[in-house]
Each structure stands twice: as C-alpha cells, then as structure tokens.
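Participant: Please see the structure below; I have some questions.
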Ligand code: F6R
Ligand code: MG
Ligand code: MG
C-alpha cells in the first residue's frame, strides 16, 4: 500500500494574497528533501497555486497519520516564519492553532489523502485551486465520473458500465452519504448542485473496487467562526484502466464554470485552468485558478509533474474566464457577482444589523423625512 497525500496551507502571501514567495517554497523544499532522506517520505514535491503551498507526498503511513501531518505542520510553521521575516501578507494565515495535537483536522491546513495498491502503471492528477472552496470540485467530478457526454469511457469501456459511488459530505451537519451512480444521479445532483454545503469527498469504482478520488473538504470559515480566507481546495484523481482517462479528467475544465470565492471570498467568478506559472490571481484577487499536475507513481516515486493545463487546448476556457469575469465585475456589489447573504463569510452583515436595528421600523408607520427635504409635493 502506498499513500498519496496533498497537504496545503496559506502561510503568507506575496504580494497581498496573490502568490507564494520563492524563499517560502525553498524552505518547504529543504524540509521535503530532509524528510525523503530521513525515510519518512518515499517521495515528495512542493507546488503552489496562488498564495497556497501544497506538499505532495508519497509514504506508507496511511491517511491521517500523525507523523505525516506533524511533518506538514512543522514545515508550514517554518514557511510562516520566512513569511514573517519578510513581512509578507497574512503570514501564518491558515495555522489556526498554536500547537499540533496528532492530526491536522480543524487546525487550518487542508488535505486530500488516498491509499492504494499501486497498479502496474499509476497515472494520477493532483489538482490545486486558489480563491475558491471545496465545493468547486463537485461539477467536474460529476462530469468525469457520471456524464457520458464528458467521459466516453462510461459508454465505451465495459469496466465503467457498473458506475461509481460518490461519497458526499454535508459540511454544515457534519454528516455523509453514499450515492450509487448512475442509479441515484438525480438525487445526488439535488445535493451537490449546492456546493457551498454539500461536497464530494470520494469517488469509488464499483467494478474495480478502487477509490479513484479524494478531495479536501475543510472549510476554514466553519472552523474559525469568522472569515479567515478561502479554503482553496486540492484533489487527487487516479486515472485510466477502468477509471476516466487523463483527457476525460481534464475535459470538465474546458468550461470556465462559476465558483464561489475570488475577492474577499465573497464573489462568484469563473474558474480559470492555468499552467503553474500563471497560477497567481491578481485581478480582483482572481479569477480563481486551478492547476493540474500529472504524475506517474512508480514504486511510490512521483514521476513528474507534467503541467497539464499548459496546453493551448485550454486557451478558450481561459478566454471564457476573462469574458465572464468582465461581465460579472460590472455587477459590482450586486448579486449574482456578490455571494448571497447566507454565504458571505464576512461578519459585516451581522454587525450592520445590530448597528441599524433601531432604524428599521414597520413599513406601515410614517417615516420622518430628513430635515430640510420637505417631503414630496
Ligand atoms: C481571498 C482573499 C483575499 C482577501 C482580500 C482582503 O481568499 O484572501 O481576496 O479577502 O485581499 O484581504 P484583507 O481583509 O486581509 O485586507
Ligand atoms: Mg492568503
Ligand atoms: Mg489561497
């Protein structure tokens, strides 16, 4: 068994919330090399998307392992120190707790972890997104594993006919449910079409009895009780041989579909698929970005990455993202660009409600006209 873990955190932005400083990446890479040399990790790769650092690691300790999570925690503490020394913005932002206690759950960093027997050839895609939340993976996962207009294999490959089981989490209630697809597609869509609350966490092939997907499902705002940034999710997708092909896994991103996030985590905006070098959202802290790093895992080694969105075939999606961004920006502070009130993560509305409480009167009562205006007619 090998475990593939992506553990990510925003430990400081350069400049503002747009990117990670090279010194922070260098520090994370030093730690990663040390952990590989010490035998803790089989292999590792440090990547970033926007202001988030992702530690992509293979090891034999399984998901939720104390040793792996504490390594990531210590590494993020170090990158946060580098950020503090350089006076970078939001240094240590996602490190919500002062002390590590065995597991990263509820501590700020996000993670997606998958353990499996390595197949003779094991192609995986690691997706990293910035300026959006974990529900952003719902739409592409539906397309990859349930939509034959996206995934030809659902029709052409016998191994896919039995379908896939989706594990969906209710982030508000802290519950989960399994949907057997395609039989329960319509019921599932009722839930996952509301991605601020319902999030696909895992997908399993019924024929292969293999888990193909793991996503990070943490929501920082639910953990911290007030706005502390977006949760900038990550996702692992295993591909080929009875699972969607790499091309089928990437195809959903040819639509710059709308996600929640962007500036102040408070706007709908299109998700733009980009090469790593362009994963630095500057315009209106957006549009939200996604990168796709492809690896072949061989004897636990991460052969790669290939920067899969560095392909002109995604140019149209990028153009579309820019067009949709222009269109939405013209709405300024109005919905549907701004998120509906119950999804806004800032506490402004609560404070405003308290401050203006006395000024709201029943509509039937006469409202005093401000002095000097004299009323109408
Ligand atoms: C989005 C994000 C940024 C900030 C924005 C304001 O995830 O982190 O859009 O919300 O730049 O940041 P502050 O309030 O720190 O000035
Ligand atoms: Mg940040
Ligand atoms: Mg971020």
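Start at 1 and count along the chain as shown; that gives each residue its number.
Heads up, the Cβ atoms here are built off N, Cα and C, so glycines get one too.
Okay, so TrEMBL annotates it like this:
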type: BINDING; residues: 10, 17, 51, 93; note: Mg(2+) 1 binding site
type: ACT_SITE; residues: 10; note: active site, proton acceptor
type: BINDING; residues: 17, 89, 102, 103, 131, 240, 241, 264, 285, 346; note: beta-D-fructose 1,6-bisphosphate binding site
type: BINDING; residues: 17, 131, 264, 285; note: dihydroxyacetone phosphate binding site
type: BINDING; residues: 51, 52, 130, 232; note: Mg(2+) 2 binding site
type: ACT_SITE; residues: 227; note: active site, proton donor/acceptor
type: BINDING; residues: 230, 231, 232; note: Mg(2+) 3 binding site
type: ACT_SITE; residues: 230; note: active site, schiff-base intermediate with DHAP
type: BINDING; residues: 231; note: Mg(2+) 4 binding site
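Buried or exposed, and what's around them? Tell me for each listed feature.
Facilitator: Taking the Cβ of residue 51 (Mg(2+) 1 binding site) as reference, residues of its chain lying under 8 Å away and at least six apart in sequence are, in sequence order, 10, 12, 13, 14, 17, 18, 19, 20, 90, 130.
In three-state terms derived from DSSP, residue 10 (Mg(2+) 1 binding site) belongs to neither a helical nor a strand segment and is classed as coil.
Remark: residue 102 (beta-D-fructose 1,6-bisphosphate binding site) has 66, 69, 70 as non-local neighbours, by Cβ distance under 8 Å and separation of at least 6 in sequence.
DSSP assigns residue 17 (Mg(2+) 1 binding site) to coil in the three-state reduction, placing it in neither a helix nor a strand.
Long-range Cβ proximity for residue 52 (Mg(2+) 2 binding site), meaning a same-chain Cβ under 8 A and a gap of 6 or more residues, is found for 8, 9, 10, 20, 128, 130, 232.
Taking Cβ-Cβ distances under 8 Å and a sequence separation of 6 or more, the neighbours of residue 231 (Mg(2+) 3 binding site) in its chain are 110, 133, 134, 216, 218, 219, 220, 221. Annotation note: residue 231 (Mg(2+) 3 binding site) sits in a coil segment as assigned by DSSP.
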Participant: Mind giving me a neighbour count for residue 17 (Mg(2+) 1 binding site)? Other Cβ atoms within 10 Å of its Cβ, every protein chain shown.
Facilitator: 25
Participant: Can you tell me which of 10, 102, 131, 285, our binding-site residues, come within under 6 Å of ligand 1 at the Cβ?
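Facilitator: Checking each Cβ against ligand 1, the ones under 6 Å are 131, 285.
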Participant: 131, 264: which of these binding-site residues has the sparsest Cβ neighbourhood within 10 Å?
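Facilitator: Per-residue Cβ counts within 10 Å for the binding-site residues 131, 264 bottom out at 264.
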Participant: When the Cβ positions of the binding-site residues 52, 130, 131, 232, 241, 264 are compared with the atoms of ligand 2, which fall under 6 Å?
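Facilitator: Correct list: empty, so none.
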Participant: For residue 285 (beta-D-fructose 1,6-bisphosphate binding site) and residue 93 (Mg(2+) 1 binding site), determine the Cα separation and express it in whole Å.
Facilitator: 16
Participant: Do any of the binding-site residues 10, 102, 231, 264 touch ligand 3, in the sense that the CB is under 6 Å from one of its atoms?
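Facilitator: So the answer is 10.
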